[in-house]
Amino acid sequence: MKKKKEYRIAVLPGDGIGPEVMQEAYKILNVINKKFDFNIYTNEYDIGGIAIDKYGAPLPKKTLNGCIESHAILFGSIGGKEWTHLPADEQPERGGLLPLRKFFNLFVNLRPIKLHFSLKKLSPLKKEIIQDGFDILCVRELIGGIYFGLPKGKNTFDKKNISAFDTEIYSTKEIEKIADIAFQLSLKRKKKVFSIDKANVLESSMLWREVVIQVSKRYPNVELIHLYIDNAAMQLIKNPNQFDVILCSNLFGDILSDECAALTGSLGMLPSASLNESFFGLFEPAGGSAPDLKGKNIANPIAQILSLALLFKYSLQLEKISHLIELSVLKTLEKGYRTLDISNGKKYITTDQMGNYIAKTLSELIN
């Protein structure tokens, strides 16, 4: 008898609403395990604030080792006011998530941002701007740039005039790697790459533009458009439908991907993937830990479920299953089911009810 293929997923629910929305992702995994001829094994590990409380560190060795032994990481959310008193490097994000990204060399962050037809009323943009919807993929460099550049610190010699500094630094190879990913992904889309920089002012952006132009020559069928960061922020508001793949440095990508997300009306709908060159990845909702929603059974689990869909697509290379999960979400929304954040003041369902409906729809689609 042929042995079933096995996949191992490290599950890191984290803090805030993370554990609640993760329960809904488990429902999807249960359906998939029953319906397909392979086995998905999950192991849960602590990270962030809960790990600080249990082990005194935001990224325990047990958690890191569990991730190393897995094919992918399904991540919830971390952080909360309980841990803001700690030194910056010991807080949940800087001490937990950032080192995890660095350890696995997760240099590319993908954030697909779509405006669902059934949710157009939630967008803050005028209906004439979003009448055609939009489908944007933000490709952000994740482990370089100003967040990691050295030196950084404070000058405290003059107590009356303290200064602080950070360093924005990128190498040719770093830019080439992320640009190559953006162009490859554009080939399966509308074949447009919008490269974002500030090349009229910043040396790092000047190099960014030079390298991206060189990479673009390997993709003659892809149109390359350069935009300054300030103009890009404006164009996203005026005409989001013009965009396809947006290629950004770490800082600019952090800003623009959140702006794109806001245009949909709810962060609770948006997944993200952080990948390395072998497509091992960490998959997480784009929103935060939302501690004010914790334990109320009202958080939107769709971003967590769609993050699982991205995990199947990129790390497990099972695009059919990824598509089925996305289709299950879409069909559930088309039936009119809404959590509080996307209810627009009308009747809404709970976190676990939304998970149940999506899992039921997935099961029906597979049958």
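Every residue, even glycine, has its Cβ placed from backbone N, Cα and C.
Database features (Swiss-Prot):
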BINDING   80-93, 288-300  NAD(+) binding site
BINDING   ARG101, ARG111, ARG140, ASP230  substrate binding site
SITE      TYR147  site 'Important for catalysis'
SITE      LYS198  site 'Important for catalysis'
BINDING   ASP230, ASP254, ASP258  Mg(2+) binding site
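Projection of Swiss-Prot feature records onto the structure.
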residue: THR84; record: NAD(+) binding site; contacts (Cβ under 8 Å, 6+ apart): GLN91
residue: ALA88; record: NAD(+) binding site; contacts (Cβ under 8 Å, 6+ apart): ARG94
residue: PRO92; record: NAD(+) binding site; contacts (Cβ under 8 Å, 6+ apart): GLY14, ASP15, ILE47, GLY48, GLY49, ILE52, PRO58, ILE78, GLY79, GLY80, TRP83
residue: ARG111; record: substrate binding site; contacts (Cβ under 8 Å, 6+ apart): LEU137, CYS138, ARG140, SER257, CYS260, ALA261, LEU270, PRO271, SER272, ALA273, ALA286
residue: ASP230; record: substrate binding site; contacts (Cβ under 8 Å, 6+ apart): LYS198
residue: ASP254; record: Mg(2+) binding site; contacts (Cβ under 8 Å, 6+ apart): ARG140
residue: ASP258; record: Mg(2+) binding site; contacts (Cβ under 8 Å, 6+ apart): ALA286
residue: ALA290; record: NAD(+) binding site; contacts (Cβ under 8 Å, 6+ apart): GLY16, ILE17, SER77, ALA299
residue: ILE298; record: NAD(+) binding site; contacts (Cβ under 8 Å, 6+ apart): THR339, LEU340, TYR348, THR350, THR351
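Most Cβ neighbours within 10 Å, among the recorded positions ARG101, ARG140, LYS198: ARG140 holds that distinction in the structure as shown. A sphere of 10 angstroms centred on the C-beta of LYS294 (NAD(+) binding site) encloses 15 other C-beta atoms.
The DSSP secondary structure for ARG140 (substrate binding site) is strand. Cα spacing between LYS294 (NAD(+) binding site) and TYR147 (site 'Important for catalysis'): 29 Å, rounded to the nearest whole number. Across the structure, ARG101 (substrate binding site) and TYR147 (site 'Important for catalysis') are spaced 12 Å apart at their Cα atoms. Ranking the recorded positions GLY80, TYR147 by the number of CB atoms within 10 A of their own CB puts GLY80 at the top. Other residues of the same chain near the Mg(2+) site, with their Cβ within 8 Å of the Cβ centroid of ASP230, ASP254, ASP258, are ILE229, ALA233, LEU251, PHE252, GLY253, ILE255, LEU256, SER257, GLU259. For the substrate site listed in the record, the two most distant Cα atoms among ARG101, ARG111, ARG140, ASP230 lie 28 Å apart.
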